[in-house]
Every structure is written in structure tokens, then in C-alpha cells.
Amino acid sequence: MKDGSSIHQRVLHYTHKGTDVLYCDFHISSDGYDNVQVEESRQQYGSNLLTGRAKDTVLHRLCRAFINPFTIILFFLAIISFVTDVLLTSNLGRDMTTALLILGMLLLSGIVRFIQEMRSKRVADHLASLLHSSVTVRRDGRWTQISSSELVVGDTVRLCAGDRVPADIRLTTTSDLFVSQSVISGESAILEKGTEILSVGKPQSYGEYRNIVFMGSAVIGGSGEGIVLAVGQDTVYGGFSGAESNRTNRFDQGANSIAWVLIRFMAVLIPVVFIACGLTKGNWFSAFLFALSVAVGLTPEMLPMVVNACLAKGSAAMGKKQTVVKNINAMQGFGSMDILCVDKTGTLTGDEILLEYYMDILGNESGRVLDFAYLNSLYHTGVANHLDTAILKCQTMPKQESHFTQLAVRYSKLDELPFDYERKFVSILVKSGHENLLIVKGNIDEVCARCRYIEYKGKRSRMETDGFSNVHAVVDEMLEDGMKVLAVAYKPMDRDRLSAQDEQDLILLGYLAFFDAPKKTAMDAIQKLKHLHVGIKVLTGDQRDVAVSICRRLGIDSEQVLTGRELDALTDNELPMRMETTTVFAELSPKQKVTIIQTLQANGHTVGFLGDGMNDLPAIVESDVGISVDTAADAVKESADVVLLKKDLNVLEEGILEGRKAFSNMSKYIRITASSNFGNILSIVIASVFLPFFPMTSVQLLLLNLLYDTLCLVLPWDNVDEDACSRPLEWSGRTLGRFMQSFGPISSIFDMLTFVFLFFIFCPLVCGGSYSSLAGTDAQARFIAVFHTGWFLESMWTQVLILHLLRTKKIPLFQSRPSVPVLVVTTLGILCFTVLTFTPIGQLIGLTALPAVYFGFLIIAVFLYLLLMTLVKRWYVKKYHELL
Ligand SMILES: Nc1ncnc2c1ncn2[C@@H]1O[C@H](COP(=O)(O)OP(=O)(O)OP(=O)(O)O)[C@@H](O)[C@H]1O
Ligand SMILES: [Mg+2]
């Protein structure tokens with residue numbers, strides 16, 4: 001989408017008009033909007049919200065809770081039951097209850113779902129409120145900070161380096177404003193923006209709209225002001241889902257693959273149930289209804305809710321540990337992440353960088369180098385960063401305060417070409433008297449490549465052809481010690497403006513060396529990550545030697561190092577292999593960071609990225625879990641899924657553990673439910689073929705399913721075994737089929753046993769004759785009720801108890817304790833269900849009180865079932881080395 005067609009008409013219109021027209025049309029005074037105007041504008045043009053959030057109203061949640069396949073089928077059944085039982089029969093009172101009961105189930109499931117959703121939303125909202133993304137806006141004659149969602153069309157906004165553009169904005173004043181529109185157009189180029197009116201005749205690409213900044217762009221350098229012209233959905237960014245959906249996709253892919261496994265099973269078995277029932281019972285309509293209920297019974301319809309609750313619980317736990325999880329799906333990413341990429345400064349090294357040496361080209365201390373570096377740092381308008389902060393600290397050196405103040409007075413700024421990660425240096429043009437000086441500071445190799453002269457003790461001479469080796473003789477030792485080194489160069493100029501061509505033929509003046517010591521806590525954290533089987537890779541833009549030195553001191557394997565240049569030289573075949581074996585990547589551009597992440601993802605890894613610079617932004621967006629820190633620029637924080645309030649790798653360990661816990665509980669639900677459902681349907685298929693009546697009524701089936709699912713809702717609060725969290729977990733349906741096939745049929749064996757016992761021994765005993773001998777009598781109806789109740793109980797007992805057995809690899813209750821809620825709810829569930837069969841409500845749905853003898857049988861059967869399951873579990877764990 002490279003053309004400007006998705007730009008709003010209003011925005012296009014004013015690109016060709018002067019700002020005075022704009023002020024006039026929108027009635028904007030120099031005081032900005034007042035409250036009345038803001039309200040009016042919001043009424044007329046809408047709020048600055050993207051659909052994702054706008055759709056999250058209570059009403060939408062209510063709809064989602066009540067309108068889904070499960071409730072629709074329940075509703076359908078209620079109507080049918082109403083028609084057949086109430087309208088078509090005379091016995092009004094009794095049959096009305098079946099329909100009501102189904103409606104009751106529908107309400108219950110909807111309400112439970114709604115409450116769960118609201119809880120998850122509260123967690124998400126609370127976490128989001130910890131992070132404020134604010135905009136500087138002119139309202140009522142004052143510049144104030146407001147949340148970007150409160151912005152309206154016509155607002156006057158001020159932008160600074162590091163900001164994320166909050167809407168589509170027509171610029172009114174700019175000062176060296178540079179932005180990256182990569183979110184919009186995918187190009188990583190950095191564009192300068194201005195205010196001049198565009199001539200009519202359509203520009204072709206987003207980049208050509210020089211007087212507009214688009215929502216989602218990042219301000220790289222400089223500052224500017226402008227008028228908001230489009231908000232929310234009207235913006236280009238709002239028009240397409242953009243890069244942000246990338247991660248949700250990976251999550252959905254996993255969920256879809258799980259859903260597919262289940263659908264495949266259903267697609268095969270449901271028709272079989274339908275045909276078998278139709279043929280044996282001769283009533284195709286009831287066969288259809290029955291098959292439909294079986295289908296509903298098989299869908300783990302609480303899946304989205306359980307998943308949400310697990311993730312929300314995980315993110316709430318992280319919130320307590322100074323970590324804000326903005327997107328709860330990232331919890332799942334934490335759980336399955338097996339590679340964590342980090343940048344270097346502030347992550348592996350301390351938060352503060354110190355300027356240690358300022359020296360001339362031979363390594364002697366030089367005040368002139370510091371003065372020039374100071375001017376460069378003082379006047380740059382790029383994103384605040386560690387290096388410039390460290391340089392500016394020299395003002396506080398004893399007895400130097402006045403020196404630097406005077407320096408700033410003597411030299412005033414004329415122009416700037418801001419820092420970018422392709423050039424890797426900053427150029428500032430200053431003026432002192434009649435002399436204009438271009439001062440350049442940046443990466444040694446890049447700056448030296450543009451130097452033609454060197455200056456030593458005030459004397460200038462040509463740089464020799466092997467100038468580089470001289471440079472390296474001086475700085476190499478410092479690099480090897482892990483110091484960050486920058487070069488400072490300058491050149492006299494006679495013009496007042498800078499262009500890219502001016503950054504040539506410079507005079508190399510000297511170097512700045514920064515002390516950037518490894519963090520003590522980092523070593524610990526890296527060890528912990530190793531124990532968790534999460535590989536760590538360092539992706540830095542800094543020099544190779546510095547990176548290696550720091551990694552060596554932190555115990556990160558730095559045998560295999562790859563620089564950006566070497567990376568580009570790799571062929572497509574070599575790339576995937578080298579990404580696996582290399583742990584330290586240096587001298588990278590932002591784009592190369594992305595390439596590395598993409599290649600790792602294509603290799604099948606789930607990749608996290610932790611970084612804080614503008615150069616990390618594209619990588620953060622691309623990774624499965626984008627992590628940033630509170631001190632990072634807004635644009636970076638905005639794109640991250642997770643923001644650490646404290647930049648400490650140790651927090652990540654906890655994140656990973658919480659993620660894996662959430663994950664483990666989700667997969668418990670999915671696997672156990674899917675496998676017991678699978679077992680149930682197998683039993684139903686077999687029973688449908690051999691039994692002269694339906695093995696269970698639709699309502700019984702649905703009730704069983706609904707109550708079982710409700711029990712599962714406590715699973716997010718279950719304990720997780722330590723060893724289940726020791727490795728990254730894969731979120732996919734790949735091994736689900738295997739799990740279902742191994743455990744499902746075992747419950748069928750016991751179901752069969754129960755069928756045979758009920759049909760041939762128990763029911764004839766209770767009802768006084770075999771099914772066929774009772775034909776046409778009331779006793780036959782009782783025969784069926786006893787049978788239904790018998791199976792209802794067996795099915796429910798086994799399904800609930802299996803939860804305890806399969807939730808852990810160990811021996812349940814003794815070696816691995818479930819959490820109290822799980823214990824209480826499962827016990828209560830079994831009790832209530834069993835009691836239900838003795839109550840009038842039970843009778844309404846065709847259940848009946850059974851003699852105590854049956855419970856004797858039940859206890860023995862369930863015990864044998866659990867025993868066999870334990871053996872199969874042992875075998876399964878031994879064979880596949882995993883359970884859930
Ligand atoms: N403010 C600055 N002024 C001049 N040059 C800079 C500045 N910031 C960075 N550079 C140059 O750009 C190169 C890459 O930047 P930097 O080291 O910050 O990358 P990075 O990937 O963020 O590294 P890290 O992993 O240490 O955070 C540096 O080696 C340095 O030479
Ligand atoms: Mg950085």
C-alpha cells in the first residue's frame with residue numbers, strides 16, 4: 001500500500017492549502033481549542049481510538065458472551081424443545097421446564113463468560129493505566145499533556161524527538177524534524193518533514209507528503225508543531241491493521257491449529273453418530289438433534305475464556321513485579337519463547353554510561369575534543385540517549401561550569417543533520433563570529449571514512465593512506481576493554497545550511513571513550529535464563545570488540561561473532577544456519593536486527609527482543625514478545641508488548657515462569673477436555689450403534705458439558721509443577737491429536753464396561769426384566785432413565801477425576817497438589833452432580849435415584865479406570881518425555 005489513496009480527504013485537502021486557511025476553517029486561535037470546541041470536534045469527527053479499543057465496550061462483550069456457537073445451539077434446542085414438548089403436546093406444565101432449563105443453561109454460560117471477560121478486561125485496563133502515552137497539546141492557551149486518546153481534530157500538537165505521532169497531523173512549524181514512517185510504508189528511511197504547501201498534482205508515496213506526519217510514525221530528531229486533521233479510524237494507520245497485528249497472528253495461529261484438530265475429529269465422528277442413530281432409532285430428526293448436542297458437547301467452548309483468564313492472571317502477577325504486560329497475549333509468548341535477543345547498553349551493562357577519556361588522535365587528553373563534543377551534544381535534537389547525556393555531564397566538572405556556559409554563548413547553532421543508525425553519526429553546524437564549523441561525532445569507522453585530514457596539537461596534516469591502522473592502534477585497546485569509543489571531527493564551512501554532501505573531507509580531531517560496565521545482576525540473570533532453556537543472543541549496533549569484551553565478562557559465549565557487514569554477505573542458504581550458531585551480533589543496523597529475528601522465527605523459534613533505543617523499534621515490533629523499559633522513548637514503549645519498570649533481566653525470568661504457568665494451565669484445559677470429550681464421543685458412537693435408545697438425552701449431554709466446563713474455569717488458578725515450567729512450551733495443536741488418541745479411548749473402555757453392566761445386569765435387576773421384555777410398559781421408560789443416570793454418573797465421575805490425574809506427570813494429590821480452588825470445586829462438583837440425580841430437578845431431565853449398589857460398582861470401576869490411566873500416563877511420559 002504505497003500510494004496515498006488511504007489518506008483521508010480532509011488531510012489531502014489541506015496539504016495543498018496554507019496554514020492560515022486551516023486556522024480559519026477550524027476556528028483555531030493561538031490559544032488552541034477550548035473545552036467546548038473539543039467536545040464539538042469530537043462529536044463531528046470522532047475520537048482518537050482505533051477499532052480494537054472502540055469495540056471493547058461492555059455491549060460488545062455482552063454480545064460476545066451470549067452470541068457464540070454454543071449458546072446459539074442451546075437456543076436452537078430450547079426452541080425445538082418448546083415446539084415439540086409444549087406446542088405439540090397437551091401436558092404443558094412438565095415439558096415447559098425442559099425448554100426453561102436449556103434457557104437457564106444458556107444464561108448461566110453467558111453470564112459466567114461475561115464475568116470472566118470483564119475480569120480479564122479490568123486487569124488489562126489496570127495495566128494499561130500504569131503506562132501513559134501522552135501528547136503535548138495546546139488547550140485554553142496552555143501547553144498541557146493529555147492522553148493521546150483525548151486528541152481531537154483541530155488540536156494543536158507539539159512533537160519532539162522520541163515521540164510517536166498520535167494522529168495524522170498537518171505541520172505548521174518545524175525545526176529539523178525527522179521522522180521514520182516505517183510503520184506506515186515499511187521503508188526504514190528517515191525523512192525530513194517541513195511545512196511548505198504542496199502543489200496540486202498528486203504525490204505518489206507517503207514519503208512525498210512532506211507537510212504531513214502520519215499516526216504511528218516515530219519522531220527521530222528535531223521538533224515541530226501541527227494541527228490534527230484525522231483521528232482514530234480516519235488515519236492511514238487506523239485504516240489498516242498495521243504491524244501490531246503481527247503478534248496476535250502467531251497466537252491465533254496456535255489457537256487455530258488446536259481448533260482444527262478438534263474440528264477434524266468432529267467432522268469424522270459427528271456424521272457417524274447421526275447416521276448410526278438415524279438408522280438404529282429410525283427417527284432422523286431426533287438423531288440430528290442428538291448429533292448436534294454431541295457436537296456442542298465436544299467443542300471446548302470455554303477455551304477462549306480459560307485462555308483469557310490464564311493470560312490475565314499471568315499478566316496481573318507480572319504487574320506486581322514491576323512489569324507491565326500491555327498485551328496479554330504476550331504472556332503466551334513468554335511461555336513459549338526459546339530465544340531472547342537483547343541489546344547491550346543498559347541491559348547487559350549499567351544504566352549509566354560515563355565519559356572516561358577525551359583525547360586527541362594519539363591518545364593524549366584534549367580539552368578541544370571535549371569542547372567540540374559538548375557543542376555537538378548540546379545542540380542535537382535527536383532522541384535523548386546515554387552517550388549525549390554522558391557528554392553533557394562534563395558541565396558539572398569542578399571549575400568548568402562557566403567554561404561550558406561561555407562556550408554555548410560563543411557558538412550558536414545554525415543547522416543539524418540528526419543521528420541515524422545508517423550513518424551512525426551526528427552533524428551540527430555552529431557559528432562563532434564569522435566562522436562556521438561543522439562538528440561531527442559518531443562511530444569511529446564511519447567518521448574516519450569521511451576524514452581527509454588529521455589534526456594534532458593544532459597542526460593539520462593529510463590523513464595517510466593507512467590512516468585507519470593508526471586510528472585502531474590508539475582505540476583498539478579501549479574497545480577490547482569494553483569501552484564505547486566515538487570519533488570527533490570537524491570542518492570549517494562558509495554556508496549556513498547543511499546538506500548530506502557536506503559530510504565529507506572532515507578533519508579528525510580525536511576520540512571520546514565511555515565506560516559502560518557490565519551489570520552485576522546480568523550474569524545471574526543470564527545463568528537463570530540458561531536454566532530455563534532460553535538462549536540469549538546479543539544484538540548490538542556497537543562495535544564488535546566492545547560487544548565481545550562485555551559478553552566475555554558476562555559469561556555469554558562469544559566464540560561466534562557476526563558483524564552487520566558479514567551478515568549482509570551471507571547467502572540465503574547460510575543465513576539460517578549461522579543465526580543458530582552465532583550468539584553475538586555487532587555493528588548492526590536496525591534493519592539487520594529485524595532480519596535476524598525473522599530468520600530465527602522462520603527457523604521455528606519463538607523470539608523475544610529487549611531493547612530501548614529507536615534502533616530497536618522495528619525489532620521490537622517484529623518479535624513475538626517485544627520488551628522495552630520505562631525510560632525508553634514513547635514511540636518504543638508504545639510498540640512493545642511488555643514494559644519493564646526496572647530494566648533488569650532478572651524480572652524476565654519471572655515473566656517466563658509466569659508465562660509458562662499460564663500456558664501450562666491452558667494446555668491442561670485443552671488437552672484434558674479434548675481427550676475426555678474424544679473418549680465420550682467414541683463411547684456414544686459405539687452405544688448409538690448397539691443400543692435401542694439414545695445413550696443420553698441432549699439436555700443431559702449439554703448439562704454435563706456445561707457443568708464440566710464451569711469446573712474447568714478454576715484451572716487458571718491451579719498450581720503448576722516446577723518441572724512443567726523448565727522448558728519453553730509450544731503453543732500448537734501438533735501433539736494434541738496424539739494426546740487425545742492415547743488417553744481418550746481408555747475412558748471408552750470403561751464406558752463400554754458400564755454400558756454392558758447397566759444394560760444386561762443392573763437395569764434388568766432394578767426394573768424387573770430385560771429391555772425387550774419390558775416393551776410397551778412404563779418399566780421400559782424407567783429402564784432407560786436408570787441407564788441414563790448410570791452413565792451420567794460414570795461419565796461425570798471419570799471426567800472430573802481425570803482432571804486430577806492428567807494435570808501432572810506425578811502421582812496426583814500426593815506428589816503434586818492441586819490448588820485449593822481446584823480441589824474444592826472438583827469435590828463439590830462431584831457431590832452436587834451425584835446429589836442432583838436424587839432431586840426433582842434431576843427427574844425433570846430424565847435422571848432418577850439409583851440404589852446404593854450401583855455406587856459400589858461405580859467406585860470399583862472408577863478406581864480401575866484411574867489405575868489404568870496411571871499406567872498409560874507412565875508409558876506416555878516415558879515415550880514422549882512430556883505430558884501436557
Ligand atoms: N548519540 C550519538 N552520537 C553519536 N554517535 C552515536 C550516538 N549514539 C550512537 N552512536 C553511534 O552509533 C553506533 C550504534 O549505536 P549504539 O551503540 O547505541 O547501538 P545499539 O544497538 O543501541 O547498541 P546497544 O546494544 O549498546 O544499545 C555506536 O557504536 C556509535 O558509534
Ligand atoms: Mg541501544
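Cβ coordinates are placed from backbone N, Cα and C, and glycine is handled just like the others.
Taking H, G and I as helix, E and B as strand and the rest as coil, DSSP gives the domain 'Cation-transporting P-type ATPase N-terminal' (13-86) the counts 52 helix, 3 strand, 19 coil. Summarising the annotation, TrEMBL assigns domain 'Cation-transporting P-type ATPase N-terminal' to 13-86.
Residues or ranges marked as transmembrane segment by TrEMBL: 65-84 (among others).
Positions annotated as transmembrane segment by TrEMBL: 96-115 (among others).
Look at TrEMBL and you will find 257-276 (among others) tagged as transmembrane segment. Below 8 angstroms of C-beta separation, residues 287-288, 290-291, 294-295, 298-300, 303, 670, 674, 678, 681-682, 684-685, 688-689, 732-734, 736-737, 740 of the same chain, each at least six residues beyond the ends of the transmembrane segment (257-276), sit close to that stretch.
For the transmembrane segment (288-311), the list of distant contacts is 68-70, 73-74, 76-77, 80, 109, 112-113, 116-117, 119-120, 255, 258, 262, 265-266, 269-271, 273-274, 277-278, 328-329, 331-332, 662-663, 665-666, 669-670, 673-674, 677-678, 680-681, 684, 694, 698-699, 701-702, 704-705, 709-710, 712-713, 715-716: same-chain residues at least six beyond its ends, Cβ to Cβ under 8 Å. Annotation comment: TrEMBL describes 288-311 (among others) as transmembrane segment.
The transmembrane segment annotation in TrEMBL covers 669-693 (among others).
Listed as Cβ neighbours of the transmembrane segment (749-771) (distance under 8 Å, sequence separation of 6 or more from its ends, same chain) are residues 679-680, 682-683, 686-687, 690-692, 695, 779-780, 782-783, 786-787, 790-791, 794-795, 798, 850-851, 853-854, 857, 861-862, 864-865, 868. What TrEMBL lists as transmembrane segment is 749-771 (among others).
The feature transmembrane segment is assigned by TrEMBL to 783-806 (among others). Sequence-distant contacts of the transmembrane segment (783-806), counting only residues of its own chain at least 6 positions beyond either end whose CB sits under 8 Å from a CB of the stretch, comprise 668, 671-672, 675-676, 680, 693, 695-697, 700, 704, 707-708, 711-712, 743, 747, 750-751, 754-755, 757-759, 762-764, 766-767, 771, 774, 812-813, 818, 822, 826, 829-830, 833-834, 837, 842, 846-850, 854, 858, 861-862, 865-866, 869-870, 873, 883-884.
According to TrEMBL, the transmembrane segment annotation covers 818-838 (among others).
Here TrEMBL flags 844-868 (among others) as transmembrane segment.
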